[in-house]
């Protein structure tokens with residue numbers, strides 16, 4: 001800096017020296033700003049962690065005090081009840097909301113110690129518990145409900161795992177939270193997510209890495225991974241997640257629970273946070289996650305009420321159709337075992353074949369089906385839709401803080417110059433198809449998506465289908481593989497593009513025979529991605545495996561009915 005002053009204020013200007021010194025000074029300034037920015041980010045992270053720790057400690061103390069004053073509480077019985085049974089006993093007075101609340105709070109704290117699945121305990125839930133008697137007519141009266149971190153709750157951050165959204169507490173509850181409260185439910189904890197939500201791993205620089213409840217060496221999936229881990233670990237009877245590429249269905253599959261992605265905008269997204277807002281090609285949905293299908297249906301019935309329709313008039317006022325959900329007519333079911341894009345693991349394929357056989361024996365008709373032009377849909381519609389702004393929105397949300405290791409590999413290509421992206425995409429296609437994306441014509445893109453939806457629905461009608469049975473990604477991956485294997489999302493993200501309701505039902509577990517067959521897995525192409533996939537799912541013996549059930553847009557109740565039928569058949573099989 002002394003040299004800089006000397007040059008500037010000297011009698012005879014030396015322009016080369018001035019430019020050099022200016023460049024040095026600018027570089028020093030940039031380094032200082034970068035250091036200052038990282039220091040501020042670190043302080044934000046530490047405040048968030050301290051806030052979480054405080055909420056956990058206060059919850060521990062409250063549970064301890066309750067248990068000391070209510071030694072008669074049968075926590076194990078409460079935790080063993082299904083949502084329907086729990087709700088019945090709460091309404092009948094056999095169980096008190098206080099006993100249920102503290103039982104689940106205690107279990108949540110225990111599960112979180114093992115899996116790191118919670119971002120904070122909602123301490124206001126104790127205030128709501130005191131006033132819960134005024135909502136005794138609600139369909140979810142006294143039921144503790146966990147919510148994904150990005151779902152707005154007054155006075156709390158919804159960070160999506162990114163630093164720039166810290167210290168921005170919601171000024172009011174999201175519509176989902178408002179309606180849950182109106183129906184007597186008690187949102188009591190927020191659960192962890194991957195950084196930006198655009199990943200199916202579950203780690204971020206603020207709250208850290210979440211583990212799978214069945215095997216800590218495995219990811220719980222994402223982006224509703226904290227929900228999957230907490231429910232799969234027994235710490236919640238009902239949770240709310242969001243799904244933009246499989247973000248409800250993948251954690252449900254990986255953690256051995258049920259999850260449902262409704263038709264987009266069947267449930268309100270008002271008041272929820274996102275890192276991809278404004279993108280309309282691949283639609284996000286909010287939906288329930290639970291241990292059984294009836295719990296999902298009860299949650300949908302509770303949420304699809306006049307209160308939601310008043311709070312968010314953009315949601316179509318369509319109440320839950322109980323008659324469709326409880327129908328008994330045999331179904332005409334389309335199915336496919338391999339989508340031709342990503343070959344399923346041996347356990348995925350076996351789960352689908354076993355489900356198909358059970359459905360046929362139960363009197364349903366199974367019809368082969370294939371999605372038309374899937375490669376075109378993934379490359380030209382899904383990738384170009386999500387990354388239509390050159391990933392500028394995503395990258396802007398990642399500024400000002402560290403990028404999580406689980407996301408780093410996935411986003412490296414996004415910041416490259418377009419010419420470099422184009423060259424790399426030619427050299428290593430299809431690994432980085434997203435590299436080709438530059439800005440797109442939104443109108444043309446949306447028209448192409450609409451045309452493809454009608455093309456698929458025409459094939460659906462030609463086959464005269466009621467519903468569709470598909471493989472579901474699984475078993476759970478080893479940590480840090482999801483960011484390297486976005487290609488495997490073809491089984492889930494296609495139904496966000498099509499806006500078809502889709503749900504997941506666990507039907508089996510990985511066997512030793514599945515693991516042996518995996519050793520010889522070649523995939524559809526035998527390329528780097530297929531080799532990575534084999535490594536990602538290896539070591540999965542005993543892990544849950546699921547199937548995916550799909551219906552046409554706005555036939556959410558029919559989709560849930562199909563899910564319940566699959567669940568019923570496998571329960572009956574286990575009894576034999």
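Here the Cβ of each residue, glycine as well, is placed from N, Cα and C on the backbone.
What you are looking at is a predicted structure, and each value in this text was computed from that prediction instead of being measured.
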Inset, instruction - Using TrEMBL as the reference, determine which range in 15-37, 38-60 is annotated transmembrane segment. - result: 15-37
Inset, instruction - For the recorded substrate site, enumerate neighbouring residues of the same chain (Cβ within 8 Å of the Cβ centroid of 197, 223, 244, 245, 246, 247, site residues themselves excluded), in sequence order. - result: 198, 199, 200, 222, 224, 242, 243, 248, 250, 284
Inset, instruction - Might you list, by sequence position, any residue in that chain lying six or more from residue 244 (substrate binding site) with a Cβ less than 8 Å away from its Cβ? - result: 197, 198, 223, 276, 282, 283, 284, 285, 496
Inset, instruction - For the domain 'Amidase' (102-560), would you mind checking the mean pLDDT of the predicted model? - result: 94
Legend entry - For substrate, whose listed binding residues are 197, 223, 244, 245, 246, 247, the greatest C-alpha pairwise distance in Å: 11
Inset, instruction - Just jot down the residues in the same chain as residue 245 (substrate binding site), at least 6 apart in sequence, with C-beta under 8 A of its C-beta; none if empty. - result: 198, 200, 282, 386, 489, 492, 493, 496
Legend entry - Between residue 148 (active site, charge relay system) and residue 246 (substrate binding site), the C-alpha gap once rounded to whole angstrom: 14
